[in-house]
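In what follows, a structure is listed as structure tokens, so that the remarks can point back to it.
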Amino acid sequence: MGKNVVILGTQWGDEGKGKVVDLLTEDVAAVVRFQGGHNAGHTLVIDGKKTVLHLIPSGILREGVQCIIGNGVVLSPAALKAEVLELLEQGVPAVDRLKISAACPLILPYHIAIDQARELARGEKKIGTTGRGIGPAYEDKVARRAIRVGDLLDSERFASKLKEVLEYYNFVLTQYHKVEPISFDEVYTAGLEMAEFLRPMVADTITLLHDLRKAGANIMFEGAQGSLLDVDHGTYPYVTSSNTTAGGAPAGTGFGPLYLDYVLGITKAYTTRVGSGPFPTELFDEDGERLGRRGHEFGATTGRSRRCGWFDSVALRHAVQINSVSGICLTKLDVLDGSSVIKVCVSYADENGNPVAGSLVDSEGYEKARPVYVELPGWTESTVGAENFEALPKNAQDYIRFLEEQVGVPVDIISTGPDRNETIVIRDPFKQ
């Protein structure tokens, strides 16, 4: 009987999901994206060669693995085409391996224009969006005016819907934001060309998934961003526009929740965040600079440097609860090599030193939180390439055990380097 596993980030994204997904695709028949868009960045390093994907599931490099983009993803046709062509140049048969739901809302030029105009208007209160139209595309979905992949394949339906939605967007762009309108002819012509490119990849993804399930195949659901960026459960409003938590997998694919067997939470051995928003354990000293330098903390999508801080057990406990995390994959443990002291946030206090209890539901709560730390001894030995848990330095083992106690779930996988063979698999989610 097959296993159906959700893999997602438990922090603010950039946890190293791409490498872990690629490692575990050895055992799967399909990898499925269920939310987000091309604002995600998945970096894969195989035999020293780096491939960065933003939209296509990380399993695309694996022969025999079907990659599926589910209905919960907002799809930029231009971004998808660029990725597919790059993969084809590398000899990867991306068109054959990729299937796309006809129900995916499209990201079109007016979404990008409104996204960038709004962020500019916010000034110092900007949210930190990538400016790629993700949020506005999700707005259209909820407002029931989205143009979806299936609409694009019908030229008359596409023209009718595009005319209607452009009237709305061009009014807002010109009258409120005082920027140039978007040309109907340009969007329509480009859309028709893109329709023919997409057509071979569009499929009934719900039936495809359930056929795989009935056949006893292993299926992986690949999350984008991180749990603390979830539109409902993250540091609102400094969040993304989709449900990045495990509940997004059933909704974003049409795969019933009771068919899911395991949730793997990808977690850095420290904490990072890109862009604006609260970050209780953020460091502004040499320790923070060292983590960023050793961890090469620059966003795969934006190139922006990431803010760095110590491990936050409080935020992790929250992520474990809202995702029903079965086990953790701890990444970038090697970045802590050479640290004399490592701090772990075990609780929050307010400005007066009083304990903060319960779950925080917005950015105001997180901004008032002050981290309460426990100091643990570091290690001087290298963890890179360690082949099993016992081969890790004693203090590294103790650090991992402490984190397990704090968050209440086991560390099932440990990443000690960027290459997929630099990984300790204690318990494989697909073989339990």
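In case you wondered, yes, glycine gets a Cβ from its N, Cα and C as well.
A quick note: this is a predicted structure, and the numbers were derived from the prediction, not measured.
In the record from Swiss-Prot, residues D14, E15, G16, K17, N39, A40, G41, H42, R144, Q225, T240, R304 bind IMP; the candidate from T129, T130, T253 listed for the same site is T130. K19 (GTP binding site) sits 8 Å from H42 (active site, proton donor), taking the Cα positions as reference. Here is what falls inside 10 Å of the CA of Q225 (IMP binding site) among the binding-site residues G13, T43, G303, R306, L333, T416: G13. When every Cα pair among D14, E15, G16, K17, N39, A40, G41, H42, T130, R144, Q225, T240, R304 is compared, the largest distance found for this IMP site is 34 Å.
T43 (GTP binding site) and S305 (substrate binding site) have their C-alpha atoms 15 Å apart, to the nearest angstrom. When the recorded positions N39, H42, T130, G303, S305, R306 are screened for a Cα within 10 A of the Cα of G16 (GTP binding site), the ones that qualify are H42. When each of the recorded positions H42, R304 is scored by how many other Cβ atoms sit within 10 Å of its Cβ, R304 comes out lowest.
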